[in-house]
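Annotated in Swiss-Prot:
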type	residues	note
SIGNAL	1-19	signal peptide
DOMAIN	20-57	domain 'EGF-like 1'
CARBOHYD	Asn21	N-linked glycosylation site
DISULFID	Cys22-Cys33	disulfide bond
DISULFID	Cys27-Cys42	disulfide bond
DISULFID	Cys44-Cys56	disulfide bond
DOMAIN	58-108	domain 'EGF-like 2'
DISULFID	Cys62-Cys75	disulfide bond
CARBOHYD	Asn64	N-linked glycosylation site
DISULFID	Cys69-Cys84	disulfide bond
CARBOHYD	Asn74	N-linked glycosylation site
DISULFID	Cys86-Cys107	disulfide bond
CARBOHYD	Asn127	N-linked glycosylation site
CARBOHYD	Asn177	N-linked glycosylation site
CARBOHYD	Asn188	N-linked glycosylation site
DOMAIN	244-419	domain 'GAIN-B'
CARBOHYD	Asn249	N-linked glycosylation site
REGION	370-419	region 'GPS'
DISULFID	Cys370-Cys401	disulfide bond
CARBOHYD	Asn381	N-linked glycosylation site
DISULFID	Cys389-Cys403	disulfide bond
CARBOHYD	Asn395	N-linked glycosylation site
TRANSMEM	433-453	transmembrane segment
TOPO_DOM	454-460	topological domain 'Cytoplasmic'
TRANSMEM	461-481	transmembrane segment
TRANSMEM	500-520	transmembrane segment
TOPO_DOM	521-532	topological domain 'Cytoplasmic'
TRANSMEM	533-553	transmembrane segment
TRANSMEM	574-594	transmembrane segment
TOPO_DOM	595-618	topological domain 'Cytoplasmic'
TRANSMEM	619-639	transmembrane segment
TRANSMEM	647-667	transmembrane segment
TOPO_DOM	668-690	topological domain 'Cytoplasmic'
Amino acid sequence: MKRLPLLVVFSTLLNCSYTQNCTKTPCLPNAKCEIRNGIEACYCNMGFSGNGVTICEDDNECGNLTQSCGENANCTNTEGSYYCMCVPGFRSSSNQDRFITNDGTVCIENVNANCHLDNVCIAANINKTLTKIRSIKEPVALLQEVYRNSVTDLSPTDIITYIEILAESSSLLGYKNNTISAKDTLSNSTLTEFVKTVNNFVQRDTFVVWDKLSVNHRRTHLTKLMHTVEQATLRISQSFQKTTEFDTNSTDIALKVFFFDSYNMKHIHPHMNMDGDYINIFPKRKAAYDSNGNVAVAFVYYKSIGPLLSSSDNFLLKPQNYDNSEEEERVISSVISVSMSSNPPTLYELEKITFTLSHRKVTDRYRSLCAFWNYSPDTMNGSWSSEGCELTYSNETHTSCRCNHLTHFAILMSSGPSIGIKDYNILTRITQLGIIISLICLAICIFTFWFFSEIQSTRTTIHKNLCCSLFLAELVFLVGINTNTNKLFCSIIAGLLHYFFLAAFAWMCIEGIHLYLIVVGVIYNKGFLHKNFYIFGYLSPAVVVGFSAALGYRYYGTTKVCWLSTENNFIWSFIGPACLIILVNLLAFGVIIYKVFRHTAGLKPEVSCFENIRSCARGALALLFLLGTTWIFGVLHVVHASVVTAYLFTVSNAFQGMFIFLFLCVLSRKIQEEYYRLFKNVPCCFGCLR
């Protein structure tokens, strides 16, 4: 028994459980029986608190300030323990996803993280930055703080964060409780700091950072920045107390503001001239002026951001490397904005805005387009529009425009259609109407050439196949040309259009060759010729489409329409064969008209020359539509686009099926007789066919 105290002391030193198992008072599952300080009892495990017998509660380490995870980390409590994880945009210094504070791990910024795609990360960064600058009350000091933090080493997260900070702080960038002279001085200082700060986000050095954003994110945040700049500069300008004309600039942005009262309205002409770019506003003329009103006008000049707002992702390309591969609209000028505020609002109503902007790239081939950035202040989604703007003058280096509204203006270089919105809508309606009428007429032609046995011949066989090919081409065009939401389906539609239109051209070529053989009097084997006609009419287009698809299948279907892309001149896989057939048919057309005119004049010498010419002209007009030579207007439109060529091409080819029906069926004596036999027993039709 004398050894028992020594054994207890030895067991305590080793922190071992004594042989007794606390049988009288059993321990809870999260506790164990131990001897501490010579006392045997139930003790809660680490991470739990209680007496070990009746209660052992989980400790909330995340609520314990001594156990907090530190800055830029979130704490998660678990049963008996906890762990820390860095917030999005940061990583642990130990490169482990989970850690605890006592192992020395901290969260550091992850510069390679795609935080700009994570709203949680953006919100966390904004809140963190706002916490740092919330105590800054003076606008100039606030802008200086943003400038210092954004002057170098920007990430996409930083750009988005500071744009949001500027947007949220723009309402603070004004002065209300200062003296008149102090207000004007402070407004000047604020505008200067504001321009210097915004320059950090729009200078060319930041383009590589903007490139890391998706197209939608880039446009949205850039729109928000421009909107914030417009609103903030106008708000600061309204703080002036006396007539003011103030300008300031940085490397890639310039600002000019005007503030004046109604007494000076006749003498102040708001304008801006920067690097040869000029903008001027013209108010509506009034007989009398309100003596109590004032006007603030703000011009903002963005030197370099145009490529960021182009429709292409390849905005990092230098202007001379632009490849107008599809129907794109690239900004080839600076972007200049004008905003205005008058009190009362009717004091200074706008009549028009004129501006002249220089081209960053010489545009000798593609047309210039006056445009403005049309966006929603609610969603900050925007796109270029030309509504309300018209081009007044343009050459290779400059373009002048006139608009009837305020916003951000620029000059676009467009490889798309050289027609206005109004003409485009009219041409669209003409195309739809013409194709519907042509489909009906072509269906009647197919029925006529297929089922009237009395008129069957080589010529009607060619007519029938031409009508079938053209019918299918126009049907696919009408149904599928604009179904570009699914890339695969759009590519299939483009491939079908490519084949059927080439097949139609092939049969137009066969029409020309067959007419030439008849007129010249060549004797041929009908069976052999029929076989080769079918091979040429249907197999040769398949070969062209097959080779084209094998070499450039990704060029079938564009982002706008389901047709061939102009990228890498892929469109010439259609234009090339079409032009060759048009050339062959034009030569055949010339020979046919010449032979027919001489033959008619020789048979009927008593008929006047005028009558012969008129007779040949009718036949020539029919041949123009039958041989597809009206497609020459399409070639002219590609070479030298204009509204005239657009209308000529649209009308002549959308209604091609109708003209074929008129010339081949309605005006044909033999087919008229067949129609008469078919409908003579129908009471409603007998009178009109008699």
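Using the three backbone atoms N, Cα and C, a Cβ is placed for every residue, glycine included.
You'll find the Cα of Cys84 (disulfide bond) roughly 5 Å from the Cα of Cys75 (disulfide bond). Here the C-alpha separation of Cys22 (disulfide bond) and Cys107 (disulfide bond) works out to 45 Å. Inclusion criterion for the recorded positions Cys33, Asn74, Cys75, Cys370, Asn395, Cys401: a C-alpha placed within 10 angstroms of the C-alpha of Cys44 (disulfide bond); this criterion is met by Cys33. Here the disulfide-bonded residues are Cys33, Cys44, and the one whose Cβ sees the fewest other Cβ atoms within 10 Å is Cys33. When the alpha carbons of Cys27 (disulfide bond) and Cys403 (disulfide bond) are compared, the span between them is 85 angstrom. The domain 'EGF-like 1' (20-57): residue composition by secondary structure is 0 helix, 15 strand, 23 coil, according to DSSP. Against the transmembrane segment (647-667), the recorded stretches 433-453, 500-520, 574-594 differ in Cβ pairs under 8 Å, and the greatest number is found for 433-453. Nearest Cα neighbour of Cys56 (disulfide bond) among the listed recorded positions (Cys42, Cys69, Asn127): Cys42. Only residues 6 or more beyond the boundaries of the transmembrane segment (500-520), in the same chain, are considered here, and those with a CB under 8 A from a CB of the stretch are 458-459, 462-463, 465-466, 469-470, 472-473, 476, 533, 536-538, 540-541, 544-545, 574, 577-578, 581, 584-585, 588-589, 591-592, 595-596, 623, 626-628, 631.
Only residues 6 or more beyond the boundaries of the topological domain 'Cytoplasmic' (454-460), in the same chain, are considered here, and those with a CB under 8 A from a CB of the stretch are 448, 514, 526, 529-530, 670-671, 674. Cys401 (disulfide bond) is surrounded by 25 other CB atoms, counting those within 10 A of its CB over all protein chains shown.
For the disulfide-bonded residues Cys75, Cys86, Cys107, Cys401, a Cα to Cα distance of within 10 angstroms from Cys69 (disulfide bond) holds for Cys75, Cys86, Cys107.
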